[in-house]
Amino acid sequence: MNPALSVIFFTTLSGAGFGLLLWLGLSIALLHANAGAMQSLHALQAWALLLGWVLAVAGLLSSLGHLGKPGRAWRALSQWRTSWLSREGVLALATMLPAVAIGVLLLWVEPGADRAMLLGVSGLLLALLSLATVACTAMIYASLPPIPAWRHPLVLPVYLLFAMLSGLALLFALMAVLLPVAGDARMMLGTIAVLGLLVAVAKWLYWRGIDGEPVPATRGAAVGLPGREVSVFERPHTEQNYITREMAFVVARRHADRLRWLATALLVAGPALALLLASLGIGPATAWLWFTAFAVLAGSVVERWLFFAQARHLVTLYY
């Protein structure tokens, strides 16, 4: 498939944004009864809420760049019964409700038992809706039988893991600026390194799976002659058309391998290097946490480019 920048930024930015909102919602749900801790975390929670929504909205808006008629995108919201894209849009809008509720409760409601209960419920809803939105994003692609690479069972778990990894890296980076975390920086960097390793292992299992997976159709089936051996005598078109441009993107295996190792280095070696240097006392902890966050986002972009570039539509058998 054509690895358009619009869909790459859509899945990367929205995943990071909803991942950040997921961790924020969980933290609020777990700490809502501790008034003292909540008071000291107000600035962090407000900035995390803002950054999460900026990234999520930026990602969703960037997806419009791949539409022929962006002005009609709102109509997709009515197809939630059958479309994962529509469900994603509906859930993304629904996520705004607990996010706004949390903002109002933190800024304008006095601490008390009722406020604590509402914060706990809103935080849990924010986490669940954010997780569900990312799952719908993954299912947009995992629900397409004509693209075998996207039907792999690891597509959904990997999308969720990337959202959790990038969201947690951003949350830790914000904590480095807004809270005194010098003593906890190594623990945070270690957590990101371990989670990055888990994501990389899952991704390599996915790559191994799609590399060894046979194509579930033949050229004969593509032209209406199933069970027969068919070879290409002449190309059906002398020029590119929409299908060959959007669904027949080719990336050389050696280039794909290099990009796979680059993504792995950014997701695993980047956080590990930051952890090592922070443990040696080289540089401020804040700098290494932000370095880790940007390394994770860069690795996500590389991985997402490969996710689209290496997916081939079965219609290419005809061409």
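Backbone N, Cα and C atoms are what each Cβ position is placed from, and that goes for glycine too.
Those TrEMBL annotations? Automatic predictions, nothing curated.
What TrEMBL records for 7-32 (among others) is transmembrane segment.
Sequence annotations record features per position, and here TrEMBL assigns transmembrane segment to 44-68 (among others).
Annotation source TrEMBL lists transmembrane segment at 89-109 (among others).
Look at TrEMBL and you will find 121-142 (among others) tagged as transmembrane segment. Long-range contacts of the transmembrane segment (121-142) within the same chain, counting only residues at least 6 positions beyond its ends with a Cβ under 8 Å from a Cβ of the stretch, are 11, 14-15, 18-19, 21-30, 32, 84-85, 87-88, 91-92, 94-95, 97-99, 101-102, 105, 150-152, 155-156, 158-160, 163, 307, 311.
What TrEMBL lists as transmembrane segment is 154-179 (among others). Only residues 6 or more beyond the boundaries of the transmembrane segment (154-179), in the same chain, are considered here, and those with a CB under 8 A from a CB of the stretch are 11-12, 15-24, 40-41, 43-44, 47-48, 51-52, 55, 131, 134-135, 137-139, 141-142, 185, 188-189, 191-192, 195-196, 198-199, 202-203, 205-206, 209, 267, 271, 285-286, 289-290, 292-293, 296-297, 300, 303.
Feature annotation from TrEMBL assigns transmembrane segment to 185-206 (among others).
TrEMBL lists 261-282 (among others) with the feature transmembrane segment. Within its own chain, the transmembrane segment (261-282) is flanked in space by residues 165, 169, 185-186, 189-190, 192-193, 196-197, 199-200, 203-204, 288-289, 291-292, 295-296, 298-300, 302-303, 306, which lie at least six positions past its ends and keep a Cβ under 8 Å from the stretch.
Remote same-chain partners of the transmembrane segment (288-307), defined as residues 6 or more beyond its termini with a Cβ less than 8 Å from a stretch Cβ, comprise 3, 8-9, 11-12, 15-16, 141, 162, 165-166, 169-170, 172-173, 175-176, 181, 185, 188-189, 192, 196, 203, 251, 256, 259-260, 262-267, 270-271, 274-275, 277-278. If you look up TrEMBL, you'll see 288-307 (among others) marked as transmembrane segment.
For the transmembrane segment (89-109), the residues of the chain that approach it from at least six positions outside its boundaries are 14, 18, 21, 25, 28, 42, 45-46, 49, 52-53, 56, 60, 76-77, 80, 115, 118-119, 122-123, 125-126, 129-130, 132-133, 136, judged by C-beta separation under 8 angstroms.
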